[in-house]
Every structure is written in structure tokens, then in C-alpha cells.
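Q: Okay, so TrEMBL annotates it like this:
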DOMAIN    24-404  domain 'Amino acid transporter transmembrane'
TRANSMEM  54-75  transmembrane segment
TRANSMEM  102-122  transmembrane segment
TRANSMEM  134-156  transmembrane segment
TRANSMEM  168-190  transmembrane segment
TRANSMEM  210-231  transmembrane segment
TRANSMEM  243-266  transmembrane segment
TRANSMEM  286-304  transmembrane segment
TRANSMEM  325-345  transmembrane segment
TRANSMEM  351-371  transmembrane segment
TRANSMEM  383-405  transmembrane segment
Amino acid sequence: MEALSVDTVESQNNISAAEEKCQGTSFPRTCFNGLNALSGVGILSIPYALSQGGWLSLIILFVIALLCFYTGLLLRRCMDSNPIIKTYPDIGEVAFGSTGRALISTFMYLELYFVAVEFLILEGDNLHKLFPDVNFHIAGISIPGKQGFVLLTALLVLPTTWLRSLGLLAYISAGGVLASIVLVFSVFWVGAFDGVGFDEKGSLWNWNGLATAISLYTFCYCGHAVFPTLCNSMKNRAQFPKVLLVCFVLSTISYGSMAVLGYLMYDGNLMSQVTLNLPTKKISTKVAIYTTLINPITKYAIIVSPINTAIEATFPLQKSRSISLIIRTVVVCSTVLVALAIPFFGYVMAFTGAFLGTSVSMLFPSIFYLKINKAARKFGVELVIIILILVVGASVAVVGTYTSLCDIARHAHSN
């Protein structure tokens, strides 16, 4: 994988690249960018995650937030150890050479790919919620509504993936933070004023769904790919730990609020996306769903662009416009096929969080830090914490990945 492509992943997630290059990013702007990195589709499934784990699993949400905050600090310490480190793949290369760079790049690309798949599933589910009676008929072929909406969304976003300059889309995608706030408020409004109420009791603990809950919780904190770039872009890099603290505290408040609201409203009846539970005819529901729908459409091209760039770099005619269009179209088509083959939003998210998110956000930062910083290998509090993170991360990765794959296989067979 080309390092430049992974650098693009991070720079595109940062909505003010031009400003950062000129004078560096201020503390408030970096906080905003960090929140945008952590604010995503995970907020839709956080109530479902809580229903799978029970009330006490909120403690696990806070623990995961704390561990991911600490591994974010470890990435910053890795950067401080070597001035050539600018991005996450740079850290991998300093730790383990080209193998380390290739490894972290691969996991980052896979994570982006499955997020793009999630976007299509999300669009299909929510558009079908709004228009349940719509079916599509093309050339005598009848296509069910949900699958048709996935195809329609893909056709809509396809031209945006052909663009080489994504500056405008990157700027629009910064609405992720605002979208999360609007979504939480809309769900609260449904519960408080639209007759649903907050009367459900829920269960205290649920062993059977715990692996799924933890995997979904982990997905919510998969922002580490952009942390090194955010840190490097700051006017004062010494303030980055404070940036992480602000971002993790505010995002945890947002995730926790949504989880509690949704669980009090629907208990064990929660679907993989809380918007699918909301009463269709209410204005607040339409606000929530339309807010949910706009964000993936604006972000899809940004998410898949680094993947496209990496694939194009492997071709000898990488500057050919026609080759570029073919590659980008094939990538979109492949995400459509995956979205249609495994249209299980919650389980795909659980797999992404368990296998990819845990690796990028917990395991790799800890391993890279121990490799780069020899002093950290001496027995002490820091080493104990890192070993704890590695044990927890490995456990979540193994159990969560196995559980999510079993769930996907079971539901695919039943369908």
C-alpha cells in the first residue's frame, strides 16, 4: 500500500487541511475535528448495544472510552519520539519497518471499506422505513424496496467518487457533529412529546449479547487513524492530550445519552438502528431519519477515496482518467454487492468494531509504543496498563469477531 494513500485518509478526515498547513489548527478547531472523527454512524446502534448488554454494560462503554483515550495518548508519545512521524502508518513503519506500515494501512483501508458498506445498508434501511410500500421494477425485474434503495443510493454517490478534489465534500461532512446532536435531540423529542415515553425497565445484565455490545461500543471510538494527523496539525502540540480529553468526554456523553434514551424507550425491542424504531408519521422521526440519511451521502466519497487512490497507484497507467473511473466504479459496485449480501447493519458494525476497530484503536497503539519506547518495557504501572489493554483488546477481537461472524452467517442462512 502507498503511504500517500493512507495520509490522504487522515488529511481528508481533517476538514481544514489548507488552514493547518499555513498556520496550524487552534485548540477549539482541533477539538471540533476530533469530535467529527468520533461522531459517526455508531450513535445509531448504541441503544441496540445497550439492549444487548444490559444496564451494567454502560460501565464497559466507559472503560472502552478510557482505554481508547489512553491509547490515543500512546500514539502521541510515539510521535514525540521521532520527528519524522506525521501519520499513523509512519508510526507503524518506525516500529516495524515496511511491514508495520503495510499492516496498519491494510487495517485502515478495510475499516474504511466496511464503513462505506455500512453507509449503503443504513440508507437502504432508513429509506425503506420512510417509504415501506415502494418497490422497483427495472426491465421487467422486480427489486424489493430496501435493496432498490441501496442501488439508488449507490447511483447517487457514484459520480461523487469520480471527483479527484474532495474539498467541498470534506467541508460538508464536517456536519457530523451537528448531525449527532440533532439526532439525540430528535430521539429525546419522540420519547418526551410524541407518546413513546421512557417507561421501559430493561435488564441489568445480559451475558448472551455482551460480545455484540462490546464490539459495538468499540466501533464508536474508532478515530485513532486520524489522531496523529490532528496532533501534527496543531499550533501547540502540547495541548493534544487536552483535545483528546475533550473529545472523548463529549462523545461519551453523546453516546451514553443516546443509549439510555433509546433503551428506556424500547427496551429489548430495539433494532440495530434506533431510527428504525421511531414512529414513522412524526415530524421528529422524519428529522432524525433525514439527518441520518444526509451524512453518509456526503461522506461516502471521502471514505472510499483513499482506497481508490491506493488501488490506482498499483496500476502502471495510474494517471489515466478512464482507468481511474473504472476502478472507482468497481469499488462502489463491490460495496453494493457486500451491502446486498450481508444487509445486517448491527452485525457488520460489530464485526468492524471487534476485528478492525479493536486492532487500530487498542492493539496496534500499545504494540507500536512498546516497540518504539524501550523504557516502557520496564515493569511499572504503565506496562501493567498496556498489558491490560492488550489482554482486553485481544479478548474483544477474538470473541467479538467470532460472535459477529456467527450472527452474520446465521441471519444470512435464515434469509
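Just so it is clear, glycine is given a Cβ too, placed from its N, Cα and C backbone atoms.
Quick one: how deep are these features, and who are their neighbours?
A: Beyond the transmembrane segment (54-75), the same-chain residues lying 6 or more positions past its ends with a Cβ under 8 Å from any Cβ of the stretch are 88, 91, 202-206, 209-210, 213-214, 217-218, 220-221, 224, 227-228, 231, 241, 244-245, 248, 251-252, 255-256, 259-260, 263, 361-362, 365-366, 368-369, 385-386, 389, 392-393.
Nonlocal intrachain contacts for the transmembrane segment (243-266), taken as residues 6+ away from its ends with a CB within less than 8 angstroms of a stretch CB, comprise 27, 30-31, 34-35, 37-39, 42-43, 46-51, 55, 58, 61-62, 65, 68-69, 72-73, 76, 180-181, 183-184, 187-188, 190-191, 196-200, 202, 220-221, 223, 227, 230-231, 234, 274, 277.
Only residues 6 or more beyond the boundaries of the transmembrane segment (351-371), in the same chain, are considered here, and those with a CB under 8 A from a CB of the stretch are 67-68, 71-72, 74-75, 77-78, 88, 91-92, 94-96, 100, 103-104, 107-108, 110-111, 114-115, 118, 211, 214-225, 377, 386, 389-390, 392-394, 396-397, 399-401, 403-405, 408.
Note on the transmembrane segment (383-405): residues 67, 70-71, 74, 211-212, 214-215, 218, 347-348, 350-351, 353-355, 358-359, 362-363, 366-367, 369-370, 376-377 of its chain, located 6 or more positions outside it, place their CB under 8 angstroms from a CB of the stretch.
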Q: State the non-local partners of the transmembrane segment (325-345) in its own chain: residues 6+ outside its ends, Cβ under 8 Å from one of its Cβ atoms.
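A: Non-local partners: 44-45, 113, 116-118, 120-122, 124-125, 146-147, 150-151, 154, 157-158, 161-162, 272-273, 304, 307-308, 311-312, 315, 407-408, 411-412.
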Q: Rank 134-156, 210-231, 286-304 by Cβ pairs under 8 Å to the transmembrane segment (102-122) and hand me the top one.
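A: Selected stretch: 286-304, with the most Cβ pairs under 8 Å.
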Q: Give residue numbers and ranges for long-range contacts of the transmembrane segment (210-231): same chain, 6 or more residues beyond its ends, CB-CB under 8 A.
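A: Sequence-distant neighbours of the transmembrane segment (210-231): 7, 9-11, 13-14, 25, 30, 33-34, 37-38, 40, 42-43, 45-46, 48-50, 52-53, 57, 60-61, 64-65, 68, 71-72, 75-76, 79, 85-88, 90-91, 108, 111, 237, 240, 243-244, 247-248, 251, 255, 346-347, 349-354, 356-358, 360-362, 365, 396, 399-404, 407.
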